[in-house]
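Student: Before we start, here is the structure in question, set down as structure tokens.
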Amino acid sequence: MARAYNFSAGPAILPEEVLKQAQAELLDFNGTGMSIMEMSHRGKDYSAVHQEAKDNLKKLLNIPDNYSVLFMTGGASTQFSLIPMNLLGEGQTADYITAGAWSSKAIKAAKKLGISVNELANTAKDVPTRVPGNDLEFTPGAAYVHICSNETISGAQVKEFPKTDAPLIADMSSDILSRPLDVSQFGMIYAGAQKNLAPAGVTLVIIRNDLAEKSPDTLPELFQYKHFMENDSLSNTIPTFPVYMIMLVTRWLLEKGGLEGVQKMNEEKAAKLYAAIDASDFYNGTAVPEFRSPMNVTFRLPTEDLEAQFVKEAAAKGMTSLKGHRSVGGIRASIYNAFPAAGVDALIEFMKEFEAANA
Ligand SMILES: *Cc1c(COP(=O)(O)O)cnc(C)c1O
């Protein structure tokens, strides 16, 4: 059976080479006669995997020495609560930039804890979709500023991060490792694995050590960044298989020329697809052009019926999961790092045929 061109927003496509490697090692990892998922998270085989996953991430992102790479659980959504619980001291406040569904959830989780947070801007309801510009008034003394780098649902991406005095914290779940990044601009970066990194089950957190130190001792240990930092994320049983997959995916990225190489591939794929949208009056991009995401390409057809027909006919041709998120409708083509250029070409070809038959 042929592999589908899988446009799913997440859990999402993984590199075929990586899946084959995982398959080859599934029954016998490193001559142990066991799968990586069947062995101790404290043994030497898993330890080497854990270390390589961290080392590869450090290499790809040039992570400075005063940052820690943590592997946590509960998805990016759990971070929405853990961030204020760990980083907001007594009587402190934080700034939030809201640009879509995910950053809306982040501020909502913070408010739920009963803390006063400042929403500096909110473009979540804007159509066409966009992220706020950088004309923001930060709150003096704020403990941190929270932003989402890529709104997965609307398809709008932050192109230039705001300069802040307070530590900038970014939810990069849907564009982590898709472009080079200056980690020193951030106090913390986090991402659920299932879009651009690995299967679901692990959450990557890259945090400046002095911030991790702020975790209050009154928090349960497994909610504390400090505890994860001090125990190298191994205080309890870690999701070993997802971390192993991060190791393989980051190895694959290093082989592809690191983040510069990957960004080039991503930009080529996205540019082609957006050009096809712009070349036609039948398709309409959902995001403001200057904020268009190279990861989640969102667009509309003239009617919802045509959109449903488009999704159905594309699926029959092996192009799956093109339906936009239920909250916004339309079409969403998620073309993460692992999505092949040939799949983008196939979609463009289909878009032309569909328009010719239905315009
Ligand atoms: C998918 C996604 C999340 C939620 O991730 P979970 O791991 O399901 O909690 C949060 N933020 C962004 C930007 C996402 O794309």
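Including glycine, each Cβ sits where the backbone N, Cα and C put it.
All TrEMBL annotations are machine predictions without curation.
TrEMBL lists these features:
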BINDING   Arg42  L-glutamate binding site
BINDING   Ala76, Ser77, Trp102, Thr152, Asp171, Gln194, Asn236, Thr237  pyridoxal 5'-phosphate binding site
DOMAIN    5-347  domain 'Aminotransferase class V'
MOD_RES   Lys195  N6-(pyridoxal phosphate)lysine
Student: For Thr152, Gln194, Asn236, listed as binding-site residues, tell me which one has the smallest number of other Cβ atoms within 10 Å.
Tutor: Asn236
Student: Let me make sure I understand the structure: which of the recorded positions listed (Arg42, Lys195) has the fewest other Cβ atoms within 10 A of its Cβ?
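Tutor: Each of the recorded positions Arg42, Lys195 was scored by Cβ atoms within 10 Å; lowest is Arg42.
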Student: Across the domain 'Aminotransferase class V' (5-347), what does the mean pLDDT come to, as a whole number?
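Tutor: That region's mean pLDDT is 97.
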Student: What does the structure give for the C-alpha distance between Thr237 (pyridoxal 5'-phosphate binding site) and the residue listed as 'L-glutamate binding site'? Integer Å is fine.
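Tutor: Distance (Cα to Cα, whole Å): 9 Å.
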Student: In the structure shown, which of the binding-site residues Ala76, Asp171, Thr237 has the fewest Cβ neighbours within 10 Å?
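Tutor: If we count Cβ atoms within 10 Å for the binding-site residues Ala76, Asp171, Thr237, the smallest count is at Thr237.
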Student: Taking just the CA atoms, what is the gap between Ser77 (pyridoxal 5'-phosphate binding site) and Lys195 (N6-(pyridoxal phosphate)lysine) in Å?
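Tutor: Pair distance, Cα basis, whole Å: 14 Å.
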Student: Cα of Arg42 (L-glutamate binding site) to Cα of Trp102 (pyridoxal 5'-phosphate binding site): how many Å, rounded?
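Tutor: Arg42 (L-glutamate binding site) to Trp102 (pyridoxal 5'-phosphate binding site), Cα-Cα distance: 35 Å.
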Student: Taking ligand 1 as the reference, state which of the binding-site residues Trp102, Thr152, Thr237 have a Cβ closer than 6 Å to one of its atoms.
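Tutor: Result: Trp102, Thr152.
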Student: To the nearest Å, how far is the Cα of Asp171 (pyridoxal 5'-phosphate binding site) from the Cα of the residue listed as 'N6-(pyridoxal phosphate)lysine'?
Tutor: 12
Student: Report the largest Cα to Cα distance, in Å and rounded to a whole number, among the residues Ala76, Ser77, Trp102, Thr152, Asp171, Gln194, Asn236, Thr237 that the record lists as binding pyridoxal 5'-phosphate.
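Tutor: Greatest Cα separation within the listed binding residues comes to 31 Å.
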Student: Given the binding-site residues Ser77, Trp102, which one is most crowded in terms of C-beta atoms within 10 angstroms?
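Tutor: Neighbour-count leader: Trp102.
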